[in-house]
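> From TrEMBL, for reference:
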REGION    395-417  region 'Disordered'
REGION    456-478  region 'Disordered'
SIGNAL    1-26  signal peptide
TRANSMEM  119-137  transmembrane segment
TRANSMEM  157-177  transmembrane segment
TRANSMEM  186-206  transmembrane segment
TRANSMEM  221-243  transmembrane segment
TRANSMEM  255-275  transmembrane segment
TRANSMEM  287-312  transmembrane segment
TRANSMEM  324-346  transmembrane segment
TRANSMEM  366-384  transmembrane segment
Amino acid sequence: MATVTAFFCIGLQICTCDLLLEAAVAERIRKSPKKGPSLMAFMTGGQTVGEALAIGTIGWVLEYLGPRGPCLLALPLTWLAFVPAVGNWLGESECPEQEASQRRKAFFTARNRRGGGEIPFLVAAVGVGSLVILQVASNTDSEAANPFTDPLSAASYQLKLIALLAILIIASFCLLLNPTIGLMNAFFFLQSTSTISVEGGAFYFFTDDSASYPMGPHFSVWFYTTGLGLVASAFGIMGLWIYNHFMAHWRYRNLLLTSNLLWILVSSVSVLVFTRRNIEWGIPDDLFVLGGTVLQNVFVRWAYVPGGLLLCQVCPEGLEATMFALLAGCQNLGRSVASIFGTYLLAYLGVEPDGTPQDSHCFDHLWIAAVLQSILPLLTLGLLPRMIPDASQTDHIRLTPDGPVGDTGGQLDSDPRSSVALATSGSLWGRLCLFLSTYWGPTTAISDAGTGVSYGTSAPKERKVRGSTGGSETFRMGKMFGGAETGRMGKMFYSRARPQAVEGHDILSTTHWLQ
């Protein structure tokens, strides 16, 4: 228990530092988007250098200091995080208590008071959903956890349950968030989920000795882990240099499409290694694997950097850390689902090696898993035009209920209530509540909190408040459920004397008018 708690604290520190840094980067990118590609490439390059140092030294640390060596060496290094914090290297200014109180109130207050109740709900949904998925995944071998006696049937049942939970979480994001943020988040989740992992079988395929798998490449563990890792990091930095000098002004869709297609092409080459075709053609395994590893890491950087840049662009002011944590958490959730699916796929295909002489026939169907690994990401590329903004990486992106608007000077708003409301403006949930309240709810002045955006529908309707003591105002409705302008609501009259007029509806306030 103590060990688990300690590693949990280690992960918590890493995630906290990483998240706060990304939030600071998001703040700067939103204010100066033309420097965004360079800043993201610089940050990613620094992380890559750190990974290379860890990969290059971990072998010697384990050899000379034992399994406790990495923890002993990392202990003083963790204190380095206090240096930029104490020195305020991020250039943060002190937030007045009144402003901090307003932000907290706006974060938790129902939207009819110019706040947002959806984001706390999403935070809770991601937290509870992740815990449930962890519980389900950790009970794969528990007979009491499932009614199946066949391990493969039990794994299939749990995989379906995990996939269902993940889909519900992503669906809640699409339902409750601004359409631009929700669709973009769904795209990156689907892309992460489609990138299944076959590493559980590939490791033994490449490192089994001649007694375990006579036809294998017989790589040493050091070469397959440390050697390839260092090469991958070095060429990953080269990929970032190429990106920063030649691709910084590409449009998001074009760069994501190009990088993913190139990655899919190189990934499909592994099929030739798993079927041993490269040996028949006279191409050595080490050359084949090195070339594939180099190119894959270059193309991965080309896809990762614009994805992170887009996340930074759509984070409303004052919500950088929370929004980045939610969106990045969904991507990590997608990777976890992909890893679980890859494990199940290998078990289904009978690819279950363990480094013993019984491995000879365990790799007969590994190439099928490699084919699926290469093909599945193609399914998400068709969603690019619908889910990713058609904007350049150096454009400002303003969030609107009907989609992003590029090169508009950004969306900067110091009002915390408006900033929180911006994250959920134009959501499907808000449109539905607005539609229902317009026809069946109390007659009130309705506007999207803090955004100044109006909605609409093609069905005109005129309503008048009973008992009104003061004049009338004309109220227009913009777009309701997306698409082209479908018409305007007619005149809606309401009393100016009602200070409690509702300014939108959310997940916390819907029950009030239903009652």
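Glycine residues also receive a Cβ, built from the backbone N, Cα and C atoms like all the rest.
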> Are there at least 3 C-beta pairs under 8 angstroms linking the transmembrane segment (366-384) and the transmembrane segment (157-177), leaving out pairs fewer than 6 apart in sequence?
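Per Cβ check, the transmembrane segment (157-177) does not touch the transmembrane segment (366-384).
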> How about the transmembrane segment (324-346) with the transmembrane segment (186-206) - do they touch, taking at least 3 C-beta pairs under 8 Å (6 or more apart in sequence) as contact?
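Counting Cβ pairs under 8 Å, at least 3, so yes.
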> Tally Cβ pairs under 8 Å between the transmembrane segment (186-206) and each listed stretch (119-137, 221-243, 255-275, 366-384), then give the stretch with the top tally.
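Highest pair count goes to 366-384.
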